[in-house]
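Heads up, the thing below is written out as structure tokens.
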Amino acid sequence: VCGILGLLLHDSNVDAAPEICEGLSLLQHRGQDACGIVTCGPKGRFYQCKANGMVRDVFDSNAIARLIGGMGIGHVRYPTAGSSNHAEAQPFYVNSPYGIVFAHNGNLINTESLLHYMDATAHRHINTSSDSELLLNIFANNLQQTGKFRINEEDIFTAIGGLMKQCKGAYACVAMLAGFGIIAFRDPNGIRPVGLAVRKSGSGRDYVFASESLVADAAGFSEWEDVKPGEAVIITRAGISRRQVAEPATFAPDIFEYVYFARPDSVLDGISVYRSRMAMGDSLAEEVDKILKEKQITVDVVIPVPDTSRVAALNLAQKLCLPYREGFIKNRYVGRTFIMPGQQMRKKNVRRKLNAMALEFVNKNVLLVDDSIVRGTTSKEIIQMAKDVGAKKVIVASCAPPIRHSNVYGIDMPSRNELVAHGRSTSEIAEEIGADLVIFQTLPDLISSVRQFNPTITKFDCSVFTGEYVTGGVDEGYLQHLEQLRADNVKDKVVRGDLGALEGKGGGGQAGSAERVNGISSSGPINGADDTVGLHNTWNVS
């Protein structure tokens with residue numbers, strides 16, 4: 001769950017950082033753990049600011065003023081694997097060859113073999129447990145093979161084509177070469193999103209890459225185009241070059257982007273997120289109607305769980321001719337609970353985030369509409385809140401089918417045992433979360449809700465529902481290894497000393513006196529120093 005952004009301004013005397021910061025704030029819903037910007041100024045010098053925290057906290061006016069240069073890339077991050085260390089904040093940097101900065105959204109599934117290759121063959125040191133740093137070094141190593149004093153677009157396309165042969169998994173990436181330009185590319189299956197847009201600027205054009213189209217809309221860019229699966233796009237002040245660099249593969253964008261992650265005002269791969277959620281509400285209404293009649297239950301009111309499910313809930317209510325009410329009022333200053341690290345933090349935040357209005361619940365059979373049920377933590381708390389203020393019955397309708405499998409492509413659904421639907425029937429799920437009845441959207445209905453807006457997409461990644469992984473290479477051993485890495489009780493820690501974990505690559509943890517629990521050492525900079533390697537970090541500089 002990350003957001004990526006690249007910006008190149010036609011006028012190199014105008015700083016790109018303020019617009020990058022604005023764009024990252026629009027992508028904040030994609031990650032609230034860390035953020036960073038690196039710009040490229042005169043003589044190809046990079047300027048960096050990155051840290052753990054929200055965009056508004058990391059980038060004040062002083063931090064932005066220090067980010068010089070007319071092009072740059074930015075990143076917002078939520079950790080799916082590895083630690084929440086400052087050193088894991090992106091963009092990442094390597095000085096050789098040519099000076100490259102890199103940001104990535106997704107997850108690789110063949111990290112162990114790639115780490116071995118980096119160590120034994122390329123002799124490159126990977127300093128963190130983030131596969132984004134690994135991707136960067138694969139790219140850098142491929143560029144180094146040219147052995148040239150100066151590279152051109154052809155060399156970059158060749159390097160990215162090589163990377164796509166080597167790396168398996170999901171990745172949408174933006175990169176910047178010192179004094180050269182910005183680059184974006186997308187894995188051959190197009191699982192994670194990224195696109196580009198242009199804006200007229202004096203006698204030339206500005207260009208932007210972003211995870212979602214709303215960034216381009218808000219900044220006055222037009223002609224939004226998705227980067228195609230397996231495609232690389234290179235933008236310099238001289239123009240734009242694009243090429244298909246990977247062998248054709250099954251195009252399978254992640255359907256969960258439409259269910260939950262993307263903002264409704266975005267268009268991904270030609271599909272309006274807003275329209276797809278409306279369609280989800282319409283098809284869910286038919287399923288709800290059928291099951292309520294079977295169970296002989298009547299519903300008095302439809303109430304959405306804010307915010308993502310509002311669009312679907314309104315359409316469902318209209319289709320069933322039921323009143324739609326806002327029964328939960330949201331505190332907008334608390335983050336998205338699904339992407340909160342740690343189960344206890346999620347539980348605590350549900351009640352800080354939502355307040356139930358008794359007058360909409362008392363003595364009523366309530367149909368709560370949610371986008372999905374993942375761990376069940378939030379659902380359980382919300383159902384209890386509804387009952388506490390007087391609801392007679394609480395029926396929950398989910399826009400997504402039961403989530404029973406891990407996501408290996410960059411979404412934090414770690415252990416299958418943490419998923420409330422794993423190994424449970426629908427009635428057992430209802431019992432576990434305290435609902436009187438749970439109704440799930442069927443998978444064919446969900447797919448058709450999204451696909452109807454772009455029938456050229458024949459397949460979506462639905463692995464969280466089906467356990468079928470489009471890239472291949474995902475077996476039980478890999479899933480267990482991933483669950484160990486991502487488990488809530490080890491997140492925010494650094495794996496140390498075990499070659500089986502990430503080939504011994506930790507994440508800048510404190511040596512010697514660090515507290516150790518079950519072979520896990522707590523992460524953090526030594527003596528409070530900034531443990532970012534490679535560039536001077538302007539964050540928190542007085």
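Here the Cβ of each residue, glycine as well, is placed from N, Cα and C on the backbone.
Curation plays no part in TrEMBL annotations; they are all automatic predictions.
As recorded in TrEMBL:
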| type | residues | note |
| --- | --- | --- |
| ACT_SITE | Cys2 | active site, nucleophile |
| BINDING | Thr308, Asp370, Asp371 | Mg(2+) binding site |
| DOMAIN | 2-238 | domain 'Glutamine amidotransferase type-2' |
| REGION | 501-542 | region 'Disordered' |
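The Mg(2+) site, placed at the center of the C-beta atoms of Thr308, Asp370, Asp371, has further neighbours from the same chain whose C-beta lies within 8 angstroms: Val259, Tyr260, Pro304, Val305, Ser309, Ala312, Val369, Ser372, Ser398, Cys399, Ala400. Cα of Cys2 (active site, nucleophile) to Cα of Asp370 (Mg(2+) binding site): a span of 22 Å. With the fewest other Cβ atoms inside 10 Å of its Cβ, the least crowded of the binding-site residues Asp370, Asp371 in this structure is Asp370. The C-beta environment of Thr308 (Mg(2+) binding site), restricted to residues of the same chain at least 6 apart in sequence and closer than 8 Å, consists of Val259, Tyr260, Arg277, Asp371.
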